[in-house]
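Going by TrEMBL, these are the annotated features:
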type    : residues                                                       : note
DOMAIN  : 9-695                                                          : domain 'Myosin motor'
BINDING : GLY102, GLU103, SER104, GLY105, ALA106, GLY107, LYS108, THR109 : ATP binding site
REGION  : 572-594                                                        : region 'Actin-binding'
DOMAIN  : 812-964                                                        : domain 'TH1'
Amino acid sequence: MAEQESLEFGKADFVLMDTVSMPEFMANLRLRFEKGRIYTFIGEVVVSVNPYKSLNIYGRDTIEQYKGRELYERPPHLFAIADAAYKAMKRRSKDTCIVISGESGAGKTEASKYIMQYIAAITNPSQRAEIERVKNMLLKSNCVLEAFGNAKTNRNDNSSRFGKYMDINFDFKGDPIGGHINNYLLEKSRVIVQQPGERSFHSFYQLLQGGSDQMLRSLHLQKSLSSYSYIHVGAQLKSSINDAAEFKVVADAMKVIGFKPEEIQTAYKILAAILHLGNLKFVVDGDTTLIEDGKLVSIIAELLSTKTDMVEKALLYRTVATGRDVIDKQHTEQEASYGRDAFAKAIYERLFCWIVSRINDIIAVKNSDTTIHGKNTVIGVLDIYGFEIFDNNSFEQFCINYCNEKLQQLFIQLVLKQEQEEYQREGIPWKHIDYFNNQIIVDLVEQQHKGIIAILDDACMNVGKVTDEMFLEALNSKLGKHGHFSSRKLCASDKILEFDRDFRIRHYAGDVVYSVVGFIDKNKDTLFQDFKRLMYNSSNPVLKNMWPEGKLSITEVTKRPLTAATLFKNSMIALVDNLASKEPYYVRCIKPNDMKSPQIFDDERCRHQVEYLGLLENVRVRRAGFAFRQTYEKFLHRYKMISEFTWPNHDLPSDKEAVKKLVEYCGFQDDVAYGKTKIFIRTPRTLFTLEELRAQMLVRIVLFLQKVWRGTLARMRYKRTKAALTIIRYYRRYKVKSYIHEVARRFHGIKTMRDYGKHVQWPTPPKVLHRFEEVLQAVFNRWRASQLIKTIPASDLPQVRAKVAAVEMLKGQRADLGLQRAWEGNYLASKPDTPQTSGTFVPVANELKRKDKYMNVLFSCHVRKVNRFSKVEDRAIFVTDRHLYKMDPTKQYKVMKTIPLYNLTGLSVSNGKDQLVVFHTKDNKDLIVCLFSKQPTHESRIGELVGVLVNHFKRPISSHHYVE
């Protein structure tokens with residue numbers, strides 16, 4: 001059973017219909033088509049409705065969804081059938097086949113291509129080059145065969161006008177290693193004539209539309225389609241196929257497959273020769289038949305690599321052997337035209353068969369030894385013409401419809417056989433099913449001595465002129481009492497049939513009226529021996545090999561060749577025997593309307609196809625009292641969550657007992673039967689109920705699994721985080737210890753070093769110890785400073801402290817702080833600095849000490865001051881621990897201004913060499929002076945002034961503003 005889609009899309013398997021009836025079948029088919037679901041199952045048969053539009057359901061993602069899955073696990077699809085056939089072939093080493101059937105335009109060729117695409121996509125996972133080469137050639141062969149074997153018809157722009165059966169050989173690993181193609185009944189009459197609205201084979205149009213100008217000139221062709229008699233009927237028709245683009249695709253594909261350049265060129269020459277043959281006209285001059293345009297004969301001879309006179313003789317004369325004598329009998333105009341057309345058809349048929357043969361030679365299984373490589377298995381894909389009913393049905397339609405009768409017979413027989421065998425294996429009583437057995441129609445056509453083909457062959461072998469009317473008369477006399485045969489003579493009141501022309505066969509697909517016109521000629525398939533000898537004698541080896549029978553001379557006795565109908569019958573019997581020996585899978589294609597519209601579903605048109613494809617009978621056979629069956633193991637695997645006795649695993653003796661327990665738990669025991677390995681369910685409703693119960697339980701199971709999984713993930717994350725934190729903690733501890741040990745090692749014995757460890761390089765600390773390192777370095781620096789200070793005399797300590805204070809305040813602000821010299825402090829009392837006036841200053845200083853009670857002199861120095869009149873005056877400053885004095889040295893150091901130190905708010909100095917100083921006061925009467933020294937000159941004393949003041953106050957005076 002297919003995976004349950006929403007019921008808005010209808011039932012995915014026709015077997016699950018509530019009632020098996022045509023109205024319900026059609027309603028479900030229509031609903032699924034309108035909802036874009038073009039595939040539906042009938043058990044293991046896929047019903048495919050042509051959507052007439054591109055659908056995004058064949059990509060790599062879709063392929064992966066079906067790869068290795070059971071049929072019932074995914075929605076209906078071609079890939080499901082392809083995978084089932086592949087699994088049966090690979091797992092059980094069984095030859096399988098996929099039979100694709102349906103009428104023209106139903107999508108058979110596209111279905112076969114998608115199946116090939118799927119098989120190519122899922123094989124050769126190890127990407128072996130030889131396997132890839134075989135896969136590529138198998139895929140490329142499709143477009144080559146379509147070019148030469150397909151044509152636009154009124155029903156389909158890419159209709160296969162031949163039957164194709166392809167065997168794909170696989171090795172024991174399931175990889176394709178080769179293949180073989182059989183072709184059936186190419187509709188070669190299409191080469192010379194087409195019905196209105198139809199075209200000849202694609203190859204002609206592709207050559208004319210896609211060939212380069214140089215190529216066409218070499219073939220004596222022009223691009224105008226209407227210039228050629230054989231194809232001018234379809235010259236103006238629009239087609240969905242881009243002939244010019246396809247020409248390049250086909251040429252590239254032929255190269256990839258392995259066609260040599262000269263072989264490809266020969267194929268083009270044959271196409272060109274056929275087009276020129278169609279333009280040959282015959283005229284009668286008295287009793288003599290002549291060719292109207294001799295130039296065409298020369299062109300044809302050139303293209304076929306033979307002599308002009310030999311071509312002309314073959315077209316106008318027929319060599320006849322009478323006893324030992326050989327004579328040339330001239331054709332009448334009608335005989336010459338017939339011979340020309342027969343020659344054109346024969347050349348094209350030989351070309352097509354040669355292409356198939358060349359592809360077979362290239363893709364054949366090579367160097368395969370079953371003792372080494374194991375048994376080869378095969379998947380066959382049959383894409384053959386569907387049932388055809390045209391306005392004018394001739395010999396080709398008769399053969400095609402006979403083919404479909406044989407395949408329908410095989411289909412019903414194999415499906416019934418499979419069902420009966422399964423019921424017998426499982427011990428389930430078999431219920432007889434009424435179905436239409438078309439053996440009677442098959443016998444009508446192929447029965448020895450009594451069938452239509454036998455009667456047709458007899459007519460063809462009669463001596464003398466035999467007409468189509470005489471053949472129809474023979475049919476009337478021998479088959480007049482057959483229930484599925486009628487003609488106007490047998491049913492005089494049936495005016496649909498023409499006297500002496502038509503007969504009707506009641507096929508399984510419906511009544512078809514055939515016109516006997518041309519039956520005799522098409523069955524004889526007469527081709528004068530002269531043409532065969534002409535082609536055999538060609539200097540082109542490719543052409544020569546296509547006509548081996550041309551080797552025989554006219555006098556050599558040859559057996560009468562088999563007729564076209566007999567050859568086709570034999571090939572059909574062989575095909576059916578071949579298919580019957582394999583495990584079959586079916587794709588039944590349906591055409592929804594004749595307008596090629598993706599929106600229209602023609603009920604009457606589709607009902608007719610459903611009837612003649614026997615789909616309703618297929619459903620009845622498949623149901624046979626039971627709508628569904630499945631092995632106990634797979635049934636339990638799908639539904640075990642419904643019952644507490646089977647979830648998550650049962651402890652019963654067998655899966656069969658577990659399934660019984662589950663069914664009884666749900667209350668369906670009266671609607672099932674138990675086989676040996678499978679359970680059989682009668683009504684679809686039981687299955688739908690099981691699916692609903694399963695869907696409900698799946699929600700709970702998914703939630704439970706999500707809960708458990710999320711808990712598991714959370715615990716895993718917690719454990720990982722905890723472990724990581726433990727590792728980090730121990731690692732940090734290790735790094736800290738390592739750092740401390742390294743510091744201890746490097747600074748060991750620094751007390752004995754001359755610089756007390758100044759030169760020692762500190763190790764790089766871990767990030768967590770950066771702050772610790774700063775503190776440790778500060779401690780070290782203080783210790784080292786204390787060690788250095790111990791060596792300094794006590795009298796020098798105030799000066800050292802002042803210098804340190806100066807550095808802290810002005811480092812980086814001034815270039816020269818005067819650190820290299822001894823700081824005198826009281827320069828006004830120093831004789832080297834003021835030799836003439838030092839004796840005058842000292843009494844003044846002593847008087848100020850007595851008066852203002854200061855304890856220490858901090859600094860004194862000569863300065864220059866610019867007054868408000870821009871006049872420079874010499875002055876002096878005298879700084880004690882209580883006051884700042886401005887003095888006039890020219891008046892015996894008279895005090896001009898006294899500023900208590902507590903009134904100072906700050907000090908600003910410049911960063912140049914000018915030694916400018918600004919003393920800021922609370923009353924904003926700042927004192928601005930410029931320090932200078934007399935001896936030595938230009939000695940910098942700014943650093944000393946700042947240092948002693950800062951050291952005195954034990955803190956910065958204020959935020960310093962450095963004057964530029």
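Indices start at 1 and increase along the chain as displayed.
Cβ from N, Cα, C; glycine included.
Sequence-distant contacts (6 or more apart, same chain, Cβ under 8 Å) of GLY107 (ATP binding site) comprise SER48, ASN50, CYS589, LYS591.
Around GLY102 (ATP binding site), the same-chain residues at least 6 positions away in sequence with a Cβ under 8 Å from its Cβ are SER48, LYS108, GLY386, ARG588, CYS589, ILE590, LYS591, GLN609, LEU613. The record gives GLY102, GLU103, SER104, GLY105, ALA106, GLY107, LYS108, THR109 for ATP. Within 8 Å of the mean position of their Cβ atoms, the other Cβ atoms in that chain belong to ASN50, ASN156, SER159, GLY386, CYS589, LYS591. Mean model confidence for the region 'Actin-binding' (572-594) is a pLDDT of 87. Of all Cβ atoms in the shown protein chains, 23 besides its own fall within 10 Å of the Cβ of THR109 (ATP binding site). Over all protein chains present, the Cβ of ALA106 (ATP binding site) has 26 other Cβ atoms lying within 10 Å. Take the CB of LYS108 (ATP binding site) and look out to 10 A: across all protein chains shown you find 27 other CB atoms.
On its own chain, GLU103 (ATP binding site) has ARG155, GLY386, PHE387, GLU388, CYS589, LYS591, GLN609 as residues at least 6 apart in sequence with a Cβ closer than 8 Å to its own Cβ.
Sequence-distant neighbours of GLY105 (ATP binding site) (same chain, 6+ apart, CB under 8 A from its CB) are ASN50, THR153, ARG155, ASN156, SER159, LYS591, ASP594, LYS596. Spatially close to SER104 (ATP binding site) yet at least six residues away along the chain are THR153, ARG155, ASN156, SER159, SER160, TYR385, GLY386, GLU388, LYS591, judged by Cβ distances under 8 angstroms.
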